[in-house]
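Since the structure comes first, as structure tokens, the remarks are kept for the end.
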Amino acid sequence: MDDDDAKLKAEIEAELDKLSISSLEKEDIESDAKSETQSDDSDTDSVELPESVLHCINIIKNRSKAVEELILQDLEDTDILSCSYGAVSNNHMHLRTGLSTEYEESSEQLIKILSEIEKEEFMRSKTDCATPDFVPEPSPHDLPMDEHVLPDDADINFGYCEVEEKCRQSFEAWQEKQKELEDKEKQTLKAQRDREEKQFQEEEEKRHCWMKQFKVEKKKLENIQKQEQDKMNDELYKEEKIWKEKFKQHEEYIRNLHLQMEEERTRFKDQQEKEKNSLLKQQNNAAVKIQAKYKAFVAYQKYGPIIKEQIESKKRKAQEWKEKEAKIRQKEEENRKRLEEEQRIKEERKKQKEEERKRREKEYEEKKNIVKQEREQLISKEKIILREDASQQLIISSALKKSGYNNKHLSLEDISNDKGDIAKNLVDENSKKQEDVLLWLVEESNMKENVDRQTILKESIQVKLKESISSQTILADFKMEEKNENLAKKRCSEELVKQERKYENTDNKTELGNSDLKGNLKEQFPLQELKSDAQKEEKIMKHVINENTGQKTQIILGHNQEISEVKTNEEQKIIKDNQQKKIQKVEKEEIQEQNGLLYKDKDTLVISVKQRSLSLTSENSKDVRENVILQEKEIYSKSKEIEENPKDNAWNSGIVIFNTTDTMINIEGKRNDQDYVLGRHAPCEGLSNYNAESSMVSKEVNSLKSEIRNISEKCHENAPEPDSMTCCVSESTLLYSIEERRLAWIKSFKPWLEIFKQNQQKKIVRRKRPVKCPANMTPALDKLEILRCGPWDTLQQVTTVTFQDLPGCVLSTLAECTNLQFLSLRRCGLTSLHSLSNCKKLKYIDAQENHIEAIECENLENLCVVLLNKNQLTSLHGLDGCTNIQCLELSYNKITRIGYSFFLEEKLVDNAGFCHHLGTSTSYLSLAQVWIPTGLCWSWIPITSLTKNSDCNFLISHLYWNCGLESLKNLQQLILDHNQLINTKGLCDTPTIVYLDCSHNHLTDVEGVENCGLLQILKLQGNYLSELPSLENLVLLRELHLDDNSISTVEAFSSYWLPLLQNITISQNSLTKIVPLFHFVSLEKLDVSHNCLSDLKSAIKWFDACYSLHELSLTGNPLLQETNWRDSLLKVLPALRILNGNILNSNSESRTEEHNQLGSAGFLALCQSQIREFNLLIENYITGKGDVFTLDTAENLCHYFKKLMILSTEYRHAHERGDVTITKKDESEAQKNHLAPTNSDSTLQNGVFYSCAREGEPDSPDIPEKWMDSVSSHSPLSKSATCENMEGRHQEILVCQKREDSKASSIPTIRIPFKEVVMTNSLLRNHQNIEPSEKIMAAVVIQSYWRGYLMRRQTHFSTRLHTAATEGLPNSSIKNQTILKKGKRENIVNIRKQREKAAILIQAVWKGFILRKKLTTALEAIKNEESDEEYREIDLEDFIFDEAALEEEWLALDSTRFPSQTLLLSNQLHWPKIPGNLKWDDTSFNLPSNPAQAWLCNDKENLSSSEHTQFNSRSENKTSSWTPESKTSRKSLLKSEKEKKISEEWGFKDISTAQQMLKRAQKMKSKKLKKKIDSTVRLALFKNNENKVSLPKSPKMVQPRRDGYFEGIEEDPIHKDTTANEKLERNREYTYQWLHTQVGVHETTSSRNMKCNHFLPELDPDVLNGGRVQLVARLVSREDTDLDLFSMTNGSALSVNREKKNQAHRHSAGSSSKLWFPSKLI
């Protein structure tokens, strides 16, 4: 500041010195200064002048005053007035000299002023001299003034007036000039003042800026000082901490030393004791040996002769035994000879029987021919009679009316002729029908023979071991068979004779009518005769087949048949007798109907007959149910044969299956339930009308003969294609395998009731254990605090105790609370649970978040819920006698095992034979082998110190196993997560457990779960499991959690039957494949994320037929790199709604409903109802309040567990029995209302459709309202819409679906309408492996009869309705249905197309947005490329490449199996594929991405990636040209084996990439190694490499261009004529040039200025000089740019992908690279 002031002062003084101011100017300045001071007061107030300026101003003012005074003095001087003009000049000179002496400071200025005055005067004088005549007259103003001045002086000389006038004039002129000068000077002064003010302001501003900068710097310095101070403080604090830690460590070290000293002392003492004991043992052993030897010597002397006698007796016995064996062998040989003779006799008898059978067949054929001849004769007689009648009519009409009635006669002749033609046509049709019926009968007989053969084969296998049948019984049986055959023949002949007589009588009766009636009867009667003849032949065929079944089976069976004839013949006789009786009844009924129903329609007659036959078969269901399994297997095998040979066997198999209606009646339930091949599909494409008519087979029955005729004619016309069979057969085989699994499980399961009874009957041995007593320092619970919690006066009245956050307490005061029911002590510092033995009514204990180490809660029988989470427990002991515990939570403890712990109750037996009780012990020294009754095995049991240290013999009398859970007989929920479990063997003592959580432990295997038959939820995530737990007996399992384990295979799933399993999570494991999951019929959620699943084709097989799967997670698996993985999975899984966390908009509800109806729908309904009941139970009882528990909630929880136990046991028994029926209140009411429930969904839909058809009728008692409510509750629609929806579904499934599926089927079949009989047989089939009681069997049979009666009544009613409805418009409803269906299909297709278009547009917009976003981020990153991030330099020695080692150890893989089908190891991660190499569809909006590379890339080579060219901006300046000729030459470079291997291994399309890899690997060797190699060796390697790349020369084609470093070889035209030496020299030059031009810019270093069109991409010289190599794309990561790897349907895809990078996977393989990347890139 002082320097600035001094500078200002100096400048002001310099400016003031330059100024020259006169006295007048000073006056003006003063006047102006006054005015300016008044106007500039505001300025002066704001800006104060410095002192120096003020001082100068004052000096100027003083000088101006002095000048004025001097001037006035001169004017007043008298001498001057009297003197002349010259005197004045003298005075002036004098004044000048005077002033100069007085005022030396401003003398120069005064001299200047005076000189100017003189000049003016001189000029005036000149003017006066020039005009001497002119005398200025005094003005009138002057004269009076002069007069006035000098009035009295008359003598005064007035010469001064002139002078005065002149002076005045000169003064005025001077004044004017001075004014002008003053104005100019003022202007200059003003401008100068303005400039100075501006400079002053600028300097002030600079000063203020300097001040601000000073303050800022001051603050910075202060902040730096503070930071340094903070750092110093932190360092001091850290040093203090370090010193404290070191001090603590030192203290701990000292403690450890003390402990080690103590341990060494104890060890020394123990060693001394052991030495003493060893000495004692040696002495004892020596004594024992001596005693043993002495005792052995005494015993040998005493018992030697006895032993010798025993040895001799043994030898004698052995010899006797040998003699007996020889006798036995002789007897066996005799028996063998006798059996051979018997077999020879039997063979002779068989031959005789064969001859008899052939003879009978001949007789049968002869009889058949006779019957045909008789029938032909009857037909010929009828024709003759018809012709005679017609001729008689003509004769009579011509005789009576010859003339007048000619026209009428002609008309009658035409009518008669027409009748004759109609009769002929009917006869021809009947003959055709008869032939068809014969074919049908033959096939049916063959089918029955096969069935009988299989039944006899089965029975013969069972009776093979019975060899005690005598020959007499066999002969008697043969005689009885012959008699039965003869009787059957006689009966057949008699029946034929009777029927012929009846037909003759009917003919005679019909001839008595009118002529018109006779014609009608003769037209209709042959039809009836043909029907009756066909039925007769059918009966005859049945008789003959039944007679010959035994003979045919004897040919097949051979020797075993004779052994088993007794049993088989008895059963066959019973079956034959029953069949004959029933056939006779049917024949009688048919004859009566033929006599009484001649004028009825032919369809109704066959319907009645068929209904009666089916009713008879339903009554005979008990006799035939044993053959059901064989029939099922036979049909299944036939379906397979048809699948293999569809063209050859289509017609034959169709007839066989069609004609086995009688044998298939017992299996129809299963076929209808599973939508099996039989009865599900139509025969061929052209049977649309027939399919429509037979679509409602369950309510309609058509004529048998018409159906056979239609099938036979139309199937010959339209033969189906063989490839169309695969779909239906695959579905059928799938459903058959599911049912097979269910039946196999029913055979092999462990009955849960037996396990439960064994557990209940197991004796619990209680022993006293040492219990840790609480410390005396902790206080007991205060009685007053307990009583304040409720309205209680004494502790005996207390029922609930709740405390939280107590410092520490003991529960001794609770011993007086005898009525305590609810105890909650959270965070109360408890160390043990004790003193509760008197609280017998205690139900609920909540002691979470304490420090409990021991439990003492024995004999609390009412205890239900125990919550001990977050404590310090190490075992499960202390709950003995608490038999009613239902929920036990022990998470976050230190429990190590649920396994068995043993304790021995030992007794010693001394030498005298006395027994001494030693007590129990758990410490052991050695082992002894003991039989364990619980495990049914021998095991090594420890011997304790009590027995080991004794000198006597020992005896383990009782061995007790204890696991801590054996007394918990009703435990249902056990939670043991976050413990230290290594063993779970004790779970076998808890068969009632329903919920088990053992997650986050150290388990390698889960044992004891086999007995937990009611287990529904199993959580095992976070363990070390390598295999699946054994789940064979867990049929009720609903959730299985196996996340974060080491499971590598799930093949055990294929052997498990888990029909209720809904949720499976196996994420974060090492799975490379899964088994097919179709048999998990209720599976809804599957999580297999973060595994090693890579094969999409096998994944499609795994998920095939999982129709209930709604949610699937596959994130983190390599198969997501496939292009079409999403579409292929959605095709296989129609019901999928959530895929990898994204909600799908699927239009597959109709498909899922159809698939839900597939299979054993009754069983599916059972599973769904059970799951629904479990969920409803949870909703009703679990309030969802979280951790808030009260006494009411505890009681509610106990009720929930009781209900859960009842439901679980009931459903378990249902699965074990194989019962498929759903028992509900609504269904019981439905049974009362005469509508019994069936097994399948189709019957329910039939009922709903039937009810909807009868909506208009007011009285419909067959369908109750509650049943309709139950049906509508299962569907998401309202009750009013159920009828329409179910009707549409029913029509689509039963009417239209058959037409569509007829293309995929070549087996013409017909369904049997009686489905309730089927249900009874399916129930019997499910019970085949269980032996039910007599009451259950009786109930089942009664129900079957009752339901059969109901269904027969309903079918009669439905047939009436159907006939009434189909007479008028037979095909109108069917056409309407087909039209409606086509319209629906078109609408669905249009809607799907619109939705697909909309989805494509949305995806395109979304992907464009994401791409733009990524490009902006990439461009920003390019701008900020030069960041402060430091990369570690790469050691290029890591890239050393050994070609020989690569050739030796290279794995030659099949290119077809790479990369999707080759399975990696479990510890390897799958690298993401480059989408540019994959085949992607035009429909997929995917952008290919290229990986970041260390070398510079070529722009034209990577045209497919526009982003890559932007990312690598450096490559634009240094890339080489790429010509199409080089592309064609690259395609022919496949000769090198190494390049082929690399291209096959890595999947490269272009061989150039493999060459680049090899050359780059060779070039990236370190310089040190290159220096070590000799130049000749390097030259040889170079030649070898050149020879590998060289191409064969073709004479016709131009030599292809080589893009390498040695292009000059091809360009040189003299290359062909050069010798070998010149070639070597040239190669050396090129190698020298290559070695020297590898590093650096080629344009500058190349000697020949060659073209740098290099074969490989160039390495950056900066990289070779030690610069940084960017091996990872730092702009956008590859996972983000690869749009194929994640779905764009959700906006959170990018965030999810970024979260994946930070997600830690426990089993993921770490990277082996040495590079370090900054945090921004990761």
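Even glycines carry a Cβ here, placed using N, Cα and C.
Keep in mind the model is a prediction, meaning the values are calculated, not measured.
Residues or ranges marked as region 'Disordered' by Swiss-Prot: 23-47, 182-202, 265-285, 319-367, 1506-1534. Here Swiss-Prot flags 283-312 as domain 'IQ 1'. Residues or ranges marked as repeat 'LRR 3' in Swiss-Prot: 862-883. Summarising the annotation, Swiss-Prot assigns repeat 'LRR 5' to 970-991. Marked as repeat 'LRR 7' by Swiss-Prot: 1014-1035. Per Swiss-Prot, the feature repeat 'LRR 8' maps to 1036-1057. The repeat 'LRR 9' feature in Swiss-Prot is assigned to 1060-1081. The domain 'LRRCT' annotation in Swiss-Prot covers 1117-1157. The annotation domain 'IQ 2' is assigned in Swiss-Prot to 1335-1364. Here Swiss-Prot flags 1395-1424 as domain 'IQ 3', drawing on sequence analysis.
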Just to be sure I understand, if DSSP states are collapsed into helix, strand and coil, how many residues of the region 'Disordered' (182-202) fall in each?
21 helix, 0 strand, 0 coil
Residue numbers, six or more beyond the limits of the repeat 'LRR 5' (970-991), whose CB comes under 8 Å of its CB atoms:
752, 755-756, 759, 762, 869, 876, 883-900, 963-964, 997-1004, 1006-1014, 1019, 1201, 1204-1205
What is the number of residues in the region 'Disordered' (265-285) that are helix, strand and coil, as DSSP sees it?
21 helix, 0 strand, 0 coil
DSSP-derived helix, strand and coil totals, residue by residue, for the repeat 'LRR 8' (1036-1057)
5 helix, 3 strand, 14 coil
Contact set of the repeat 'LRR 8' (1036-1057) with the rest of its chain, CB cutoff 8 A exclusive, min separation 6+ beyond the ends, reads 741-742, 744-745, 999, 1013-1028, 1030, 1063-1077, 1079-1080, 1087, 1170-1171, 1174, 1208, 1211-1212, 1215, 1466, 1706-1707
Same chain only, please: residues at least 6 beyond the ends of the repeat 'LRR 7' (1014-1035) with a C-beta under 8 Å from a C-beta of the stretch. Say none if there are none.
745, 748-750, 752, 972, 977, 991-1006, 1041-1050, 1052-1053, 1055-1060, 1065, 1174, 1205, 1208-1209, 1212, 1215
Per-residue pLDDT averaged over the domain 'IQ 3' (1395-1424), given as an integer:
83
Counting each residue once, how many in the repeat 'LRR 7' (1014-1035) are helix, strand and coil under DSSP?
0 helix, 3 strand, 19 coil
How does the repeat 'LRR 9' (1060-1081) divide up by DSSP, counting helix, then strand, then coil residues?
0 helix, 3 strand, 19 coil
